[in-house]
Every structure is written in structure tokens, then in C-alpha cells.
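According to TrEMBL, the protein carries these features:
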TRANSMEM  B:7-28  transmembrane segment
TRANSMEM  B:61-81  transmembrane segment
TRANSMEM  B:88-105  transmembrane segment
DOMAIN    B:109-384  domain 'NADH:quinone oxidoreductase/Mrp antiporter transmembrane'
TRANSMEM  B:111-131  transmembrane segment
TRANSMEM  B:143-165  transmembrane segment
TRANSMEM  B:200-227  transmembrane segment
TRANSMEM  B:269-295  transmembrane segment
TRANSMEM  B:330-349  transmembrane segment
TRANSMEM  B:369-390  transmembrane segment
TRANSMEM  B:419-444  transmembrane segment
TRANSMEM  B:481-504  transmembrane segment
TRANSMEM  B:546-563  transmembrane segment
Amino acid sequence: MGGATSQYFGTFSESWSNPNVVPSVLDKPKHDPLFGFQNERETREIKASQDDLYWAKIPASRRDYCADHLIEFQRCRKQNYPFLSKCEHIKHEWDHCQNEDTILRMKEFERERRLLKREERKRLREEAVIQ
Amino acid sequence: MTSFYNHLMWFTFLFTSFCFSLLMSFYISYMNQALYVSINMFSLWNNEMSVSFYLDYMSSWFSTIILLISSVIMVYSYFYMAPYSKSVYFLWLTNLFIFSMLMVVNMSNLFFLMLGWDGLGLVSFFLIVYYQNQSSITSGMFTLLMNRLGDSFFLLTIALFFYTYPDLTMFSSNLTDFLSLTLLLLTFMTKSAIYPFSPWLPLAMAAPTPISALVHSSTLVTAGLYLMMRFSYLLYSSYTLMQLLLILSLFTSFYAGMNSIFEKDLKKMIALSTLSHLGFIGMAFSSGLLHLAFFHMLTHALFKSLLFMTMGDIMINLNHSQDIRYLSSGMLYTPMSCMVMYVSILNLLGLPNLSGYFSKDLVLEMMNYSSSSILVMLVLFMNVFFTYYYTYQLFFYSFQPIKVLPYQNFHSPMLGHTLCLFIMAISTLLFGFFFLSHICSLTLFYPVPLVNKSLPLFINLIMFLHLFLNTKLFTSNSPMLNYYFSNMMFLSNLMLTLSSNLYYNLSFMLVKSLEFGVLNYSLNSYPKMMFTHLSSYVLNLSTLNPMKSVLFMSSFMVLLSVLI
């Protein structure tokens, strides 16, 4: 992710000095998601169906793992418009889901970074042995 | 002299339109839908030319704000322009401008959007040169040339779009190649004064203050950013261009902030503040915060136009002196205008629960989650630091020992005038709190650490204490620094020299080769008589009535553009 709250100075300085260990923001992760896990990982599912997303007119950028909470929020908003303060608790649930999703993505970024660092260390060790 | 009833009539019409637009905005936000109206004008070689309106939450909310500001300006401009306006010329120009702006905001067809876009540039030129003195004509010409540069980029973009999608409808045109997107971005950057196209905005302060409040704070300058947001479905496909926009927008804010610290002209200082906020909105947009950037554009339009209006009030009492060092004298005679000015200043500072806090501070928090590096955050907070610095300068200059000017012109406030300011002040105070959830319903607000959350407030407090305890307000002892930053780092001089030299040299070449050469020889007969008769007709038209010449020129340009 490269977000400033995660690692202010680390990724910034490393992106210039050692770009091999900084995960790309634009591309997908290079490592297998199951690498290092003995048992299968918990699969994430989008609880809202494509039909629900279509009829609720959820934009493409918001069709993620928290879309079911968003649909509930939009429903509450429609029922209580313009008194939107009544939907604050549902909005908080959506915000909480998004926050947990962000933390998960930050952890995935950190995992990718540590795997890249591990590869870099192995590569340097092999080069030292050859020399 | 324009009568009050003319202004009142236009105020009534615009305020009614504002109420209707507000209801429309509520309805569109509630239904989460968009309205697309297309009227087929004519068909030409299998291509249909249609006037199409696209009314979604963006166009409806922006139209609402434009109509509110325009209606208030109608009444305000009567009190401000009363000694100067000798005909309905001013009123018609302002209304033509508002019409062009509403065209740009609501049109979906690129051709008619261009008409509104060109209209903005043309009418703003006539408004800037309203006072008809040397400085206003220089500023007006520079603004016009800058705007024409943007118009030429827009024409090229439309040509590229027409080649691939002859429809010219906004959302059906899906051209994402680098050239088209670059031209599109350059178009919007010229109008919104993103660096290096920034110098025209402070120069445009030669216009009357009501025009600065309407045009140069909230409508014309935000037209480019608004269309950037409209075309985000194309622009967001290019990461490189968004990175470039981020850097240029950040530098625009930095450039404006640095220059405003050394600026002692009130209107230029507020213009530089506007420039800083335009850079801020551009930066937010380029980082992916589309809805927050749009929301900040709306709140900024409200409190900046309010700031210009209150400044105009104070300046009237100072015999139109624009020096910030005499601000305290203005406060002595117009304490109410000053109090309303403080409402605008507090919004600029982003104090909690005001509109500026809901728009600006949210952008600062969400920037923590962008893919930008720490350097971007550092520059961003430096720009925030500059904002607080020049805003507090305004605040503290109003409390300085009174410096009374000779020949002061005391201007007693009138009820209508006071009501305008109050309407704007109340809108500014309430808009952020009540309308954030309407406009940014799908925006994600991630929680940030306490340090990041409190950093803007901390900088705010430090700046307040520094200027409060330091009785001698900021003045640099270095003449070099003063000379460099007071002249806007000489960018305007550079661009004026480059553009005007080229323009004048080309036109002299044309005159020598055509008028004194070929045309002189070939038209020395009946066609010459016809042309001289036509030119004398145009000359008479232009000297008779300014409005007629404006209408003639506008219709001629419309005809030309249709034919082209």
C-alpha cells in the first residue's frame, strides 16, 4: 500500500535505496498467497450477490467485501432521507468493516514486503558464497 | 444608472432558481440517479448534434452553489458598483457569465460544453477590463490569452474525440490514449490556474470586487477542476498523468502560499489563497479523493466569495485602498463586515465543525491512506502551514493600531447589503455539517492515529501563538526575498514576455505581408470598398453601445465555431 501511516520513512527511503524489497502499489503480489501456510487460509467471500449489487446501484469501486453493509446503509438512507443521522449506526458498521479490510490489506502488504526482503537476503547470501 | 429594481429582479430570479436547484439536488441525492436530457438539433453526415444535459449529484449541487452565490452577488454588486455602473452593461455581462457557467456545469455534449467554456473566458475578459484603465487592460489581455491557450487545447481534444467518437457525448467517448488525456488535462489546468498557468489569477484582481467574488473565487477557476472531476473516468486511467497533476498541484499550493506571505495587497492575497486551494483540490483529485475534492470545491466557493465580499465592504471605507496595513481602519467603520470576514477566515483555518473542517481536514486525513510518499505529506503540511500563516495575518492586521487614511469615505451599511452577507455567512457555516453526508455518502472515512488527526490543529495553535505573541508582524528584512516573492517569482513577467512578444511579432508580420502587401494590391477596387464599408460599420457598432458590440462579437464567434 505504501500509505504514510504504515511506514513513513521505511518504504520512502527503501524505494530509492533498495527498490527490490518494496512491493509495487500497482501490480499484484508476486508470491503465492498460500506460501508459508500449512493449512488452507480462510477464504473471503463477497456476501452480497451480483443481483443485489446491481439493483442497489452500488458503483464498481465499492463492490468489495463490505458491500453487504453498504447495501443496508443505502436502504436505511433511502428510508430516512433527509434525516441521515438515524443511519449513523449502520454507517459505523460499514466503516468498521472497511477499517478491518484496510488492516488486512496492510498486513498483506507487509507480508509481501517481508517475503521480498527474505528473497533479497537469500540472493545476497548466494552472491557472497559465489564470490 | 442601473436601478435597484433591475438587480432585485435578477436576485429574485436567481434565488428562485437556487431554491429549485436545491430541491432537485436533494431529489437526485435521494434517488441516487441521474437525469439525461438530449434534444437533437440537427444531423450532419450521419452524426447527430444534440444539446444534452446531464443532471447528476455533481452538476445539481454545483449549480445550486453557483446560483446561491450569483443571487447574493446581484444585490451586493448594486451597492458596490452604484457609483460606476452607467448602464445595464455590467448586469448583462454578469448574467451572461452565469449562463455560460451553468452551461459548462450541466452540458454533456462536448461541442456545447466548449461554447460555454469559451463564453467563460470571453465574458471574464470583458468583466476584467470593466474599469478601462491600463492595468485592467494588461491583466485582461493576459487572462484572455491564457484562457485562449486552454481553449485551443480543448479544441484539439474535441477534434481527437470527434475522430473516434463523432457523438461527442461525454460518457460515450472513451478515448484513453496518452495524447488525448494530456490535452484534456492541459485544458483544465489553464482554466484552473494550476502551475505553470497560475499567474493570470492574481492579475485578474483588476476586476471589480463583485466580479472577483463571483468569477475568480468560485466559478471560473473551479470550472477546470469540475470538468476534471467529470472526466475522471478517463483521467484516472493514466497513473503517470495523475502523478504529474499531483506534483504540479502541490507546487501550485506551495507557490501561492510562499507568495501570499510577502503580499500586501488584500485582493491579491485572497487570490493567492484561492490559488492555494485550487492546488489543494487538484492534489486531492489526483490522489483519488474525487468526492472529497468536489465537496471542498463547494465549501471553498462559499467562504471565498464571502471573504471577497466582506473585503469589498472594508475597502469601500478605505477609498478603495487595497493595502492590508490599513485593514484595522476598515474594521473601525465596518465591524459587522469584519465579523462576517472572521466567519470566512475560521472556515479557511479549518476550525472544528465549520465547513472548512469537514472538507479540508478530511482530505488531510485521507491523504494518509493514499499511495503517495512521506515527501508529499511534508509538502502538503507545509502548504497548510502557509495557509494558516496568511490567514492569521489577515486576522491580526485587523487588530493593529488604527491607521486612518485621509479622505475616508464612510459607507453606511444598508439592510439589503447586510442581508446578503448574512445569507452567505449562514450558508458557509451550515453547509459542511449538514451536507457532507448527502454529497459524500459513498466516501470512506478511515480512522487515523491521534498524531495525524491533531497535527493540523497543533500547527494552527502554534501559528496563532507565534503571531499573537510576536507584536511585530512578519516582515522580511531581505529586499531580495521581498522583491522575488512580491513579483510572484517573476512567472507572470516571463509568461507575459513570451506570449505577448510572440503575439505582437506575428501580428506585425501578418499586417506587413497582408494588409500592406497582397491585400492592398488585390483589393484596390470594388471589394476594397465593400471591406472598408464593413469595417466602418463594425467600428461604428463598437463605439455606439458596448453591449451591441459584445453581442455582435459573441454571435460572430458562435457562427464561426459552428461553421468550423
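Any Cβ shown, glycine's included, is placed from N, Cα and C.
Caution: TrEMBL annotation is automatic and unverified by curators.
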Tertiary contacts of the transmembrane segment (B:419-444) (same chain, 6+ residues out, Cβ under 8 Å): 25-26, 29, 57, 61, 68-69, 72, 75-76, 289, 291-292, 294-295, 298-299, 302-303, 305-306, 309-310, 313, 336-337, 340, 343-344, 347, 353-359, 366
Interface present between the transmembrane segment (B:200-227) and the transmembrane segment (B:88-105) (three or more C-beta pairs under 8 A): yes
Same-chain residues near the transmembrane segment (B:111-131), Cβ under 8 Å, at least 6 residues beyond its ends: 49, 51-52, 84, 90, 93-94, 96-97, 99-104, 137, 139-141, 143-144, 147-148, 150-151, 154-155, 158, 168, 170, 191, 204, 206-208, 211, 215, 220, 223, 227, 550, 553-554, 557-558, 561
Long-range Cβ neighbours of the transmembrane segment (B:200-227) (under 8 Å; 6 or more residues past either end): 58, 62, 65-66, 69-70, 73, 76-77, 80-81, 84, 94, 97-98, 101, 104-105, 113, 117, 120, 124, 127-128, 130-131, 135-136, 138-140, 142-143, 146-147, 150, 187-194, 259, 265, 267-268, 270-272, 274-275, 278, 281-282, 285, 293-294, 297, 300-302, 304-305, 307-309, 311-312, 315, 488, 492
